[in-house]
Amino acid sequence: MNTAQSISTLAQDATLQGEAVPKTVQTNSSKANLLGMTRAELEAFFEQMGEKKFRAGQVMKWIHQFGVTDFADMTNISGKLREKLVNIAEVQAPEVVHRHYSKDGTRKWVFRVGEGEGSLVETVLIPADDKTGARKTLCISSQVGCALDCSFCSTGKQGFQRDLTPAEIIGQLWVANQSYMEDVPVGDRTRTVTNVVMMGMGEPLLNFDPVVASMSLMLDDFAYGMSKRRVTLSTSGVVPMIDKLAQTIDVALAISLHAPNDPLRNELVPINKKYPLEQLIAACQRYIAKDGNESSRKHITVEYVMLDGVNDKAEHAQQLLKLLKDLPSKINLIPFNPFPHAPYGRSSRNRIMAFQKTLSDAGFVCTIRQTRGDDIDAACGQLVGQVADRTRRAEKWKQKVASQHNEILRTQSD
Ligand code: SAH
Ligand code: SF4
């Protein structure tokens, strides 16, 4: 049984909500996948074909804004060029093997990006009403698994498998946008996702070039045209790469802090042993200082997961105040999302509110992340864990049935 089939068995399992998506034909072709190409790369691609550079912008609009993957439907391109493209290029998004749309508007997809149960990544869309209307924030994965092994993170527990390609990263945004456009005539299609956070599976700064290429497509007016304030990269603190990011692209930065002192952070976020807090805070200050006028870089978002009795005490809030006193920052408290065998519990609502009050009273903007999409495990790495788990169980069950079947055949022939 292949993964897609086992996942359709899984969909019948009441505990795993959502919809297994029938296997689509995946080409293993040597054609160039235009989905993940930046404007500069596409321009070079067309120039190599002896075509004008402006074709890049035209094709990008078809792909990213109208969701068109068939060159035959790209009507402002000459028939001859369309024919050439069919022979050498394709537009291939990663394969969706499971999706679930929650009652509260949260949507979640599991993509298969290779063979075997370890090759699944997930993407979550979380809607929120803000002052300007409906905000839709998409949480995108950058790697299959993660090597950094933070002690509270389900992705970390899965280990590192591989980096995602630019097509697999931007493909997550493409699929999420498409999910609102399927029934909309091509001419009326608009971009739906308003914000992107690189907060799915993986450490984006350890997959630098593909992540930067994908973010440049998010910002590009011929693709998603998003404001740089609305594209956020989250890192656990790969210090040299924060500086490299500052020199490469303008996006908002979030850091996964989670602890206000080195001994505790060494335990929760092991990369802290390599780049301790002093270095991390200095890198954040440089990130802001480099271009203080840029609205995307006026402050850093500090993520702080609330672990019951571990990092949520009054003394931790005091230490945090000291640590962040010279860093323009907004603090986002994240109630811990438990997963099977997790060694932590979620801090109580009262604890979280008391922690928030200390920080707000000192003048920090401090928000508590709403736990939405709980009915579909909308937290980093968790649905993938569940799908893989069920896949293993379905496989075991299949083996058991097969061996019983063989046993029956054997006894019948005796
Ligand atoms: N590797 C990057 C981005 C992916 S993790 C990073 O660490 O920043 C995205 C966010 O989810 C991080 O802040 C991470 O600490 C948080 N997170 C991971 N596991 C979590 C859990 N079980 N509950 C709540 N937040 C979690
Ligand atoms: Fe990796 Fe981020 Fe999870 Fe840490 S929190 S293991 S860096 S994905």
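From the backbone N, Cα and C atoms, a Cβ is placed for every residue, glycine too.
Annotation comment: TrEMBL describes GLU122 as active site, proton acceptor. What TrEMBL lists as domain 'Radical SAM core' is 132-375. Annotation source TrEMBL lists [4Fe-4S] cluster binding site at CYS146, CYS150, CYS153. TrEMBL lists GLY202, GLU203, SER234, SER256, LEU257, HIS258, ASN337 with the feature S-adenosyl-L-methionine binding site. The active site, S-methylcysteine intermediate feature in TrEMBL is assigned to CYS380.
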Other CB atoms, at most 10 A from the CB of GLU203 (S-adenosyl-L-methionine binding site): 25
Per-residue pLDDT averaged over the domain 'Radical SAM core' (132-375), given as an integer: 92
Distance-selected recorded positions near ligand 1 (C-beta under 6 Å), from GLU122, CYS153, SER256, LEU257: CYS153, SER256
Contacting binding-site residues for ligand 2, chosen from CYS146, CYS150, CYS153, SER234, HIS258, ASN337 when the Cβ sits under 6 angstroms of any of its atoms: CYS146, CYS150, CYS153
Rounded distance in angstrom between the Cα atoms of SER234 (S-adenosyl-L-methionine binding site) and CYS153 ([4Fe-4S] cluster binding site): 14
Cβ neighbour count within 10 Å of LEU257 (S-adenosyl-L-methionine binding site): 29
CYS153 ([4Fe-4S] cluster binding site) CB neighbourhood, other CB atoms within 10 A: 25
C-beta crowding around HIS258 (S-adenosyl-L-methionine binding site), within 10 angstroms: 27
Cβ-Cβ neighbours of CYS146 ([4Fe-4S] cluster binding site) (radius 10 Å): 25
The residue listed as 'active site, proton acceptor' in three-state DSSP notation: strand
Candidate with the highest Cβ count within 10 Å, taken from the binding-site residues GLY202, SER256, ASN337: GLY202
Nearest of the recorded positions (GLU122, GLY202, LEU257) to CYS146 ([4Fe-4S] cluster binding site), judged by Cα-Cα distance: GLY202
Cα proximity to GLU122 (active site, proton acceptor), best match among binding-site residues CYS150, GLU203, SER256, LEU257: GLU203
Close binding-site residues near CYS153 ([4Fe-4S] cluster binding site), where close means Cα within 10 Å, chosen from GLU203, LEU257, HIS258, ASN337: ASN337
